[in-house]
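Undergrad: Annotations per TrEMBL:
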type	residues	note
COILED	102-231	coiled coil
COILED	260-346	coiled coil
DOMAIN	395-731	domain 'Kinesin motor'
BINDING	G480, Q481, T482, G483, S484, G485, K486, T487	ATP binding site
Amino acid sequence: MVGTANNGRMRHAFSVVNGEQEGGLNSAPPSNAGSEYGGFEFTREDVYALLCERMKYKNKFNYKERCENMMDYIKRLRLCIKWFQELEGSYLFEQEKLQNALDFAESRCAEMDLIVKNKEEELNLIIVELRKSLASLQEKLSKEESEKLAAMDSLAREKEARLTVEKSQASLSEELGKIQGELQNANQRITSVSDMYKLLQEYNSSLQLYNSKLQTDLDTAHENVKRGEKEKAAIVENLSTLGGQYMSLQDQFNSCKASVNDAAKQKDALVKEVASVRAELQQVREDRDQLQLQVQTLTAEVVNCEELVIKSNELKERCVSQSNQLKTLQDQLDAAQNKLRVSDLSAFEAKTEFEEQKKLICELQNRLEDAELKIVEGETLRKKLHNTILELKGNIRVFCRVRPLLPEDSPGADGKDVSYPTTTEALGRGIDLTQNGQKYSFTFDKVFMPDSTQEDVFVEISQLVQSALDGYKVCIFAYGQTGSGKTYTMMGKPGNLEQKGLIPRSLEQIFQTRQSLQSQGWKYEMQVSMLEIYNETIRDLLSTKDSSRTEYGSNGKQYTIKHDANGNTHVSDLTVVDVCSSREVSFLLDQASHSRSVGKTQMNEQSSRSHFVFTLRISGVNENTEQQVQGVLNLIDLAGSERLSKSGSTGDRLRETQAINKSLSSLSDVIFSLAKKEDHVPFRNSKLTYLLQPCLGGDSKTLMFVNISPDHSSLGESLCSLRFASRVNACEIGIPRRQANMRSFDSRLSLG
């Protein structure tokens, strides 16, 4: 089974960022390839360089360049923060994995302790019995020795009857030989018992060593958890550092605003300085006019008074110097005016850029709000279109899956009896079966060939599973002969992430989608129940009480099936568990799998001897729109049909086979009645059909997986399964109804 359905390349995990190399954390969940930022990855050096980066500018007054650099820097910081968030998600995943391993190790340790105690009790009983046997033999030996002494005394007293005494002595000698032989046998038995006791002591010591090894593994797991917590603390500290860096960037932006205000203040100061310079210039001009008047007066006086020539020359020199000063002041005035124009232009450009950046920010915020609104509307439209497509495809859809050939299949099997047409119309939907030279063709909604992976199968049903969150009743069940791969399709192989089945993958998608819908105001509550139908008897697989089997199931309860007016199915006294995560449901699935009835036949080593029904009830409320939805997800693993001539069932297996075939025959009768649109449909003929009545004849979205084996010896059963699936595919039931705007659930689960 494969992991998450997200596509994307792998990134380094926590150990790479912290400069460590740990084998258990060498990869993280893949990034979203279709996200806003695309694929990305960071190392510790990249993060450090990003935090220590200082912005450089060609021109400190070019605010546009500074804003662009700042936006780019903020974008990279967001990338780094998103990367750290995904690393934290991978840490939670690894922590969950380690916790599962810890629980498994603890359960294994408890089982080993129980086995050791049982072995010790058995050994103590054997030793007690051997001691009793030894005491009886010793008593018998002492008795025989006393009889021998009595015979010897009688021989001494009766010397006259020597012949009679000799005969008696011979007989006593024979009895003594027998007794000695028995004594020797007893000694041998005592020796063998002692050897056995030593072997058991050695076995006990090996069990203790294994127990200590398990304890060591447990301590190692605890250390890994602690190390993970330290890494989480380091990541939180890094996130706080990034927050501080973001605040410093905000301060820089505020300083830019302050610099713009300072430029405006400098402009005002320059305006005031220009005004003062102009006043001084006016004063100089007035002085110049006065001096010119004085020069005219002196010139008139020079004609009359030659004595004043020297004074006139001095006044001329003074006038020339003042003219030079006037030119200098004029140059300063021109320079100040040029500087003022440049300052006005720079301030105007800065103000223009600031206004543009402000408009751009407002525009981006509006676009972000529009995008979020479009996302919500798009999700609503997607749900509506998806449900419309499923209704157009038919309410009962049928997928066919062919399992690969196995080593234990009949010798010479090559899988050529099953073929797949390659025409455009039948590609991926058609399957041909050849038996005794005759070819039978079938067409379904989807056909999975033997090389199809568990992920390929789940991708086709993922949108149907999503409908349960949208408020629809969904039912998916697997049908086929024993050994055709039904349980593998639904449950997968335990402990192998790549081969997880539809049930665990569906639960992972449900909880992931629930998390993503929280941003839209949705809150969901979920409940789980699991049962099996064994020999037409309902058994509660989640019951915490004594699981002893009786005529009416576990604990002597007689479970009854009831349908209400809304088409919901209730099972009385069934255990219902509230769940909040896929990990909790996985634990319940493990508990149910250990309680489920399985048996060995000639066709399958681990044959399911009962019909397994997993039910997830979903209640959702949107806090923004006050909308309520109720959905039900039923995932069913039917027991396999089999022929007694091939399975070789006897005793309990025979009774189980008869009950299974009877219930599947009732299912066939129901399908035939639905296909013919008869007025009466015999749902009550078996517990299975009565339980599935809302899925087969109501308003539920139903999908059937027909599993077949390509083995040549199974062609007959495969042909029967494909014919039955074709009839199912031809059935028409009611239109699915979305359960919305209704009051909240009651506390009891139903099968929908």
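The backbone N, Cα and C atoms fix where each Cβ goes, and this holds for glycine too.
Since the structure is predicted, the reported quantities are computational estimates derived from the model, not experimental observations.
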Undergrad: If one looks at the chain holding G480 (ATP binding site), which residues at least 6 apart in sequence have a CB under 8 angstroms from its CB?
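TA: In sequence order, the residues whose Cβ lies under 8 Å from that of G480 (ATP binding site) (at least 6 apart) are K486, L638, G640, S641, F705, V706, N707, I708, S709, S721.
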Undergrad: Which residues does S484 (ATP binding site) neighbour through Cβ under 8 Å, counting only same-chain ones at least six apart?
TA: R403, G640, N707, I708, S709, S714, S718, S721
Undergrad: Name the residue among the binding-site residues G483, G485 whose Cβ has the smallest number of other Cβ atoms within 10 Å.
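TA: Lowest Cβ count within 10 Å among the binding-site residues (G483, G485) is G485.
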Undergrad: Please work out the number of neighbouring Cβ atoms within 10 Å of the Cβ of T482 (ATP binding site), leaving out its own Cβ.
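TA: So the number of other Cβ atoms within 10 Å of T482 (ATP binding site) is 24.
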Undergrad: Including all protein chains shown, what's the count of other C-beta atoms within 10 A of the C-beta of K486 (ATP binding site)?
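TA: A 10 Å sphere around the Cβ of K486 (ATP binding site) contains 27 other Cβ atoms.
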Undergrad: Once the chains shown are all counted, how many other Cβ atoms turn up within 10 Å of the Cβ of T487 (ATP binding site)?
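TA: I get 25 for this one.
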